[in-house]
Each structure stands twice: as structure tokens, then as C-alpha cells.
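> Please see the structure below; I have some questions.
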Amino acid sequence: MPEDVQNRTRIKSERYESGVIPYAKMGYWDADYKLKDTDILALFRITPQPGVDPVEAAAAVAGESSTATWTVVWTDLLTACDIYRAKAYRVDPVPGTSDQFFAYIAYECDLFEEGSLANLTASIIGNVFGFKAVKALRLEDMRIPYAYLKTFQGPATGVVVERERLDKFGRPFLGATVKPKLGLSGKNYGRVVYEGLTGGLDFLKDDENINSQPFMRWKERFLYCMEGVNRAAAATGEVKGSYLNITAATVEQMYERAEYAHAIGSVIVMIDLVIGYTAIQSMAIWARKAEVILHLHRAGNSTYARQKNHGINFRVICKWMRMCGVDHIHAGTVVGKLEGDPLMVKGFYNSLLLTHLKINLAEGLFFDMDWASLRKCVPVASGGIHCGQMHQLLYYLGDDVVLQFGGGTIGHPDGIQSGATANRVALESMVLARNEGRDYVGEGPDILRRAASTCGPLKAALDLWKDITFDYTSTDTPDFVEVATGSR
């Protein structure tokens, strides 16, 4: 028998007689691994159990999220196991911690079904988060290669086409969520939509938990909403819309509601993140065929995205949802009532809007990534914002965003229409100041007060909400060490 064959036989014999061996020695750790352009890369924050070596913990995550089980198996010999094993290739300590590590893992692209987020996530987050070798585990970022991205459709509409359809350019979109979320009759619900749109908003929307309850069935809501939309469009001469939430118990029911919304003229429908990845992709495919904008509410995301040491960072959800094909996703406000560190939110927005991502540790972006011409997904800022913050919102979030003022419209002391007008005037005055080259951030309060001198609804809103803000320390902030650089 040739010597090389004897050597391979000896190695395999030792491997498969060993029963249980460390993951790092099973082939799931390779510090010299050469990355391929087609590799799917994942960055995990790992908190190993006491006594577990960080490299072994990283190898365990690589193994359990790809091909490994708790013992060696002979059937590995029937596969190209050396290729299909995920490879942990780098482990770095997390700055400012003593027990957390960033583990970089590469996956062969052929491990995943084309165009299936459900299959991708079944491996990456499917089983490994319950693994005993790690005390806590968080998926911080991913690089999806060009070749794999090309198997996904991306956003059904995209920001450019949405602006063309709605004839709205040079400023953020304006919207509001109908309040109260639950309990209104269909007729009163439609009245809220009409008044908000007539006052100057582009969109009204359902909230995440309004579906088809005893106090208002879905078809009743859809009809009254569209009556409000059509009347407001006729009165203002502008294209208007209302996000009709088609979320339901089954995908079949969702298709029924989507088709009905389309039939009665809605330009946009809405779904919730909690319906699951397969349902989201299914509705995105429908939306593209029907030429309907698809809005996604991130309902439920904070159950796994908010805690710093365990779960999934929201930037990963942003990437996945852009792949799935949604046109809008709630992505933070910075200044509102919901979690949102400014740098982290910037990273979320860039993941949704840029055509090519560069490594930016301050924004939590750990990989370069080309979006393979997938359309842009519009971020939505919603939750505890009002017109007095307009200069901050424009500065932090830019133009390609939907600013949604729910309480900040419907809570206006003079009514819904006045609340909408206050927001529209505040936005247009701030955009004008920016376009004139003024320091709209520093002069923001003065710009708003000057605009309010000729707009009663804006003055009433500023007097009511003044400088209300939700100033809490974010639980999720970037982990990086600033390094001074000198000029040459």
C-alpha cells in the first residue's frame, strides 16, 4: 500500500476510533483558512462557559452550525466533509470585557439552499444557541457573498421606484400610525386616515397588532381606509396611501387580504416580522408581481435583538429582510422612545440603503459586502418622535426614510389634521434650511419657531411637546477601540 494512502488510513482510523474529540481538532478551527469570495461569513459574540477555551468554543459554534454532532460519525467518509465543515478562523477578545470573544466563522456557500432565508437561518441560528459549551451567544454580523445574494429577489419596489410612484422627492416620507392601536370602529379608523392625509402626511398605517378582531374586521378596515385615502388624494392632489396590515393566521389568509387590498386600489400593504421568514419571502414575491409596496413592522425583534450578549443583532435582521424583499422596515429613530444608539442606528440604515458596505466598527459593520444590485430598503423611524425633533431626525436619518409620527400627529391638541400639518410644515421648513446651506442642526429650534409664527398647528405642537425626549442609555452600543492615527 502506498505511503500516502497508509498515512490517510491511519489518520482516519485514529479519528473514527476516538469517539469524542475537541471540535478544534475535528477540523472546525483553521487559523490559516483562506477566505473565498463565495464564503458566507458570520461574526458571533461568544461567552464561553468557565474553563472552555475560546478557540474551542468558536470551533464548537462552527461545528454545530454546520455539519458536526457530539461525536465523530463514519458517514462523514461519504461526504466532502473537509469542504462542508464551517471553519472558525479568527477569535478576538471583545473590547472592554473579560469573558466575551468575537469569533469569525466561514461557511461554504453550497451548505445553503439558493434563495431560502429559512434554510440559511436553520443552520446559522438553528441549534447552536442552546449549546452548553457557551454561556451566551450573539450573531453580530454577516457577509452574504455576491453569488448567494443573486439567488434572492431583494426589495419588491425599492426607494427609487417608490419615489417615482408616489411623486415625492427631496425629502423624507411622512407618516403616522393610527392610534389607539386597538378598539376603533372601521368608520372612525377611516376618519383618522382621512384627516392625517388631508393634513399633509403621505401615509397612515395600521399598527402591528391590528389584524381582524371582533371590534373591526379586516375587510371593514380596508374599505374605510381606502375611502379616506381616495378622498384625501382628491382633496390634496397628492398620491396618498395607508399601510393595510395583511398579517393573519395562515399564509392563505394573507394572500386573500393582500389580493383584496390590491383590488380596491391600495399602493401598499403591511406584514409583521413575527409571521416568519418563509411567509415574509412569499409576500415579497407577491408584492413584486402585484407592484405593491411591502412594509414590514419589526414586531418581536427586541426579544432577541436588544440584549448585548445573546441573540441576533438587528443589523443582521436588516440584511436578511433586504434579501427577503421587503420595501420598508422599522429601523430606529435615535431620538425616540425605542432602543437606538446613534452609531448603531446608522449601521442599520447603511445596511438597508447602501449598495456596498465597508467595514466600519463604529457602526458595528465587521465585513465589506457588495449588495449585488439588490434594491434599497427604506428604513422607517417610528416611536416617540415629534415635530420639535425634526432637525435631529433629518440630521441623523437623512432623506431616504419614512418618519412616522403616531402620537406626534394624533395627540395634537387641535386634532389629527392639525397634527399632520404641523409635521409637514416642520419638515419642509427644515429641508428648505438645509438646502439653503444653513446650520439646520444648530439653528433647528429657531427655524421651527420662525415657521410656527405663520403656522398655528406647528406653534401649538411646539408649545405642547417642547423639548420632550427619551434620554436613556442604550443597552446595545458598538464594541471597538479607537486608535489614534497620525498624518504623514
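Each residue, glycine too, has its Cβ placed from N, Cα and C.
As annotated in Swiss-Prot:
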type	residues	note
ACT_SITE	K179	active site, proton acceptor
ACT_SITE	H297	active site, proton acceptor
BINDING	N127, T177, K181, R298, H330, S382	substrate binding site
BINDING	K205, D207, E208	Mg(2+) binding site
MOD_RES	K205	N6-carboxylysine
SITE	K337	site 'Transition state stabilizer'
> A 10 Å Cβ contact count, applied to the binding-site residues K181, R298: which residue has the minimum?
K181
> If you draw a 10 Å sphere around the Cβ of H297 (active site, proton acceptor), how many other Cβ atoms fall inside it, taking every protein chain shown into account?
26
> Taking each of K179, K205, D207 in turn, which of these recorded positions have a Cα lying within 10 angstroms of the Cα of R298 (substrate binding site)?
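Near R298 (substrate binding site), where near means Cα within 10 Å, there are no recorded positions at all.
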> For S382 (substrate binding site), just count the other CB atoms lying within 10 A of its CB, please.
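Result for S382 (substrate binding site): 26 neighbouring Cβ atoms inside 10 Å.
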> Looking at the recorded positions K179, K205, E208, H297, which has the shortest Cα distance to N127 (substrate binding site)?
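Minimum Cα distance from N127 (substrate binding site) across K179, K205, E208, H297 lands on H297.
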> Can you give me the Cα-Cα distance between T177 (substrate binding site) and K205 (Mg(2+) binding site) in Å, rounded to a whole number?
5
> Could you check which of these recorded positions, D207, E208, H297, sit within 10 Å of K181 (substrate binding site), going Cα to Cα?
D207, E208
> Between H297 (active site, proton acceptor) and H330 (substrate binding site), how many Å separate their Cα atoms?
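Here the two Cα atoms lie 6 Å apart.
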> Distance check, please: Cα of K179 (active site, proton acceptor) against Cα of K205 (Mg(2+) binding site), rounded to an integer number of angstrom.
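Checking the Cα atoms of K179 (active site, proton acceptor) and K205 (Mg(2+) binding site) gives a distance of 10 Å.
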> Please give me the CB contact count at 10 A for T177 (substrate binding site), counting all chains in the structure.
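There are 25 such Cβ atoms around T177 (substrate binding site).
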> Go through N127, K205, E208, the listed binding-site residues, and name the one with the sparsest Cβ surroundings, counting other Cβ atoms within 10 Å.
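Fewest other Cβ atoms within 10 Å, among the binding-site residues N127, K205, E208, is found for N127.
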> Using Cβ atoms only, which residues of the same chain lie under 8 Å from D207 (Mg(2+) binding site) while being at least 6 residues apart in sequence?
T177, V178, K179, K181, N245, H297, G406
